Structure formats: C-alpha cells, structure tokens
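Contents: one structure, followed by commentary.
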Amino acid sequence: MNTSLTQLCFWALQILLMSNLLLWEDVVSVPTIGSGSGVSEMLTEDLFDDAIILSQHINSLAIETRRIFLSNNFSSDMFITFTLQFNRHDEFVVNGLNSCHTLPLKSPKTEKEAKRISLPDFMNMILSILRAWDNPLHHMETELKSMPGAPFAILARVKDIEVKNKILLDRIMKIAKKVKYGFEENEVYPAWSELASLQSANEESRFFALYKLSYCLFVDTDKVEHYLKHLKCRYFDGYMCQDSVNQINLL
C-alpha cells in the first residue's frame, strides 16, 4: 500500500516537472523585442502615441500661455488692443500674424496636400518646425525674465514648452530611425529674426513681438500635433484614421 502510494507520488512529481519544463520552453521561445515585425510595429505605434501625447501637452501649454497673456495685468491691455486691431483688419497686425517665421516651410493646408508629401519629407517638415522654435523660445524666456511684472505663470509655461520641445524633437528622431522609408535628416530650418523687436526700448514693439510669438507658437504646436497624427495614419496604411483619437484636422 505504501509502495503504491510512493510510486503514485513519484509519477505525479515527474508529470509536474515535465509540464514546467514544457512551459519554460514556450516562454523562452517567445521572440525578443524587435525580432518580429509584429512586435516592432507595436513598438513603433507606442513611439507615435508618446509623441502625439507630448505634442498635445505642448499645444495645451501654448494655449494656456496665450490665455494668461490676454488676462494678466502685465500684458492684457496691449494684447487686447492688438486683438481688436486684428479684428478690424489693421494692416500692420494682420501682416504681422500672417508672417510667422516658419511660413517658408509651406506647410500643407489640407489632408489632400499632405498626402502628396512623401513620408521622409513630412517627417523633416515636422522636425524643421520644432528646430525653428529653439531660438525664439530661449529668447522669449530670457526677455520675459528681464521685464518688470512678468508673471511666473507665463515664465514657467514658456520654459516648460522649451524643454518639452527638445524632448519631442528627440522622440520624433527615434520614430524617423524606425520608419526609415529613405529618410535622410535635413537640419535646415527657418531662422527667427525678430530679436530686435523683442528687445526694443519701445514698449508697444516689445509687446507686439510677444503677441506674435505667442500666436505663432500656438499655430505651430497645433500643426505639429495634427501632422503627427497624419504621419501615424499614413505609416499604418490608414487604418488608424478611423480612430476618433487620431482624427486629422490639418490647418
């Protein structure tokens, strides 16, 4: 009786060991990250999602910055005046806001136009927009620090945008290296040339430079967000476009 029980336990233990061995072989046989196209595609989708979420956050910060400029005692009088002049089609203000320094990039205005641009060129256009803001964001923060009464809420957001803009640039470069499609980095980007206005002794000129920067920053951060969604949609052959999170609304 005892011998039979011992044998039964022995065989049960053998079966358990064999089961564990087979399970372990199944685990180690799973492809490592990047070894299969399916896993690689998942990782690329995650990179796109991270970049899009970050671009949305930057765009929200740009909107908040403009809202504070329009409502804070430091700048509201000047900003409201410029807004009223724009609504009255004042030539100086309208021309100013229609000449953001990234205008030479000739960004697509419709989805149809965007589809005519190759994926590598589209990627470089997004990178150029981000690089074009390095210098103006730095000077915007520097000059605001020197202006009496400049609220911390604006300074903090401009600094946050500057830092996150660099992070987003790095993340998009990682996507570019994975996407490839003949991608060759083009480090040419539009130069910002209005530092003199931002440093002007004339208060109106100085505040209009800030007004224009805050407006163009909002426009370009919004573009980057929507362009990344468009890029993701095209990279995954369009099936992502039906997702409400990735709806495209090009400016």
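Numbering starts at 1 and runs along the chain as displayed.
Every residue, even glycine, has its Cβ placed from backbone N, Cα and C.
According to Swiss-Prot, the cysteine that forms a disulfide bond with Cys100, out of Cys9, Cys216, is Cys216.
Counting only the Cα atoms, the space from Cys100 (disulfide bond) to Asn73 (N-linked glycosylation site) is about 26 angstrom.
Packing around Cys216 (disulfide bond) is summarised by its Cβ count: 22 other Cβ atoms lie within 10 angstroms of its Cβ, all protein chains included. You'll find the Cα of Asn73 (N-linked glycosylation site) roughly 22 Å from the Cα of Cys216 (disulfide bond).
Cβ-based crowding with a 10 Å cutoff singles out Cys233 as the top-ranked of the disulfide-bonded residues Cys100, Cys233.
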